[in-house]
Structure formats: structure tokens, C-alpha cells
Amino acid sequence: MEQLKDKIRSHGIVLSDRVLKVDAFLNHQIDPVLMQAIGREFARRFRDDGITKIVTIEASGIAPAVMAGLELGVPVIFARKHQSLTLHDNLLTATVYSFTKQVESTIAVSTQHLSANDRVLIIDDFLANGKAAKGLISIINQAGASIAGLGIVIEKSFQTGRKELEEAGYRVESLARVASLADGAVQFID
């Protein structure tokens, strides 16, 4: 998606050969026009897949997921990372490790919102080693729902996430595929 790549080139900051900072438009400050375009693109790619729910993880996956949900006309569920007084019974949970934050957390979704009748599109801001995606897949599998695929805003293709997910049989659609962050420069695949 050229609009996204242009934004990464102009506003992304390479912090190391493994970390890309995009807080100017995606995971701190949000560019709503770009998010709308991202939602449209995910909807275009998954429109014919019978999606009934979109599942993401808080917090940075919420904006692109909501825009895709708006375009597809389906609800969005975000897995919570933090305990809540209102979210405590009948939970589907998984443990995930955050590459960026270097911390493990338990994510949770209420069984009220996800069932075996659902066909799910997973959306997330980044795909690196695939830990968050695998956690969401675990939760969706616990519910007995089916997975149409994964929509990723930015994929770090030099890490193993995509390969592992595809080898497990999942469809991965990434809007920007980063081949390298070497020498402080973003290099894209395609």
C-alpha cells in the first residue's frame, strides 16, 4: 500500500536494525485519514471471506481494526492486556510476549463476544515474531471460531512471524512489508 509506505518513509523513525518507531501516525498519534485507507484496503482484501468479527489486541491494533470493521460492517473485539473489574468471568486467555516492550502479558476476550459461529479476521499493527498473532489465534481457537486470515499493517519480513503463520496454514495480508531496517533506512519488499 503506497500511501502507508510513503507515511513510513516520511514519519517512521528507525531506532535499530529491528525497531521501527511509527508513533507519529499509528501507535501513539493516529492519522485518521491513513487509518480509513488502511481499513478500506483490509476490507477489499477480505470482503468475500464471510467475516463476522474482527479481533485485535489493545492498543495499537484498535484503530486499523475499527476502520476495517466499519468498512466490512462487522464488530471489532480487542483482546485486553490489563485486568478489568468488568472483564473477569468466562474469559478466553493466552499469554503473549511483546517484542517491542520485552514483556509477557496475558490477553483476554470474553466468551460473550466470540463463538464457534464466527469467522474472524485478525488485525494488528505489526508482525515481527508472530507472538501476538499466535496468542489471538489461540483465543479464537478456544472459542471454536474459524480464522479467515490476518491483516497486518506493517510486517517486519526479516523476522520469522509470517513464515511461521503461513507454515501453520494461515493467510497473511500485510500492507507494508519491511525487508530491512539496516543502516537506519527502511527497505520495503515490493
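Here the Cβ of each residue, glycine as well, is placed from N, Cα and C on the backbone.
What Swiss-Prot records for Leu20, Asn27, Lys156 is xanthine binding site, and it gives sequence analysis as the kind of evidence. In three-state terms derived from DSSP, Leu20 (xanthine binding site) belongs to an extended strand segment. Leu20 (xanthine binding site): 20 other CB atoms within 10 A of its CB, across all protein chains.
Annotated 5-phospho-alpha-D-ribose 1-diphosphate binding site per Swiss-Prot: Ala128, Asn129, Gly130, Lys131, Ala132, in sequence order. The local packing around Ala128 (5-phospho-alpha-D-ribose 1-diphosphate binding site), expressed as other Cβ atoms within 10 Å of its Cβ over all shown chains, amounts to 24.
Long-range Cβ contacts of Ala132 (5-phospho-alpha-D-ribose 1-diphosphate binding site) within its own chain (separation 6+, distance under 8 Å): Ile57, Val96, Ser98, Asp124. Ala132 (5-phospho-alpha-D-ribose 1-diphosphate binding site) falls within a helical segment according to DSSP.
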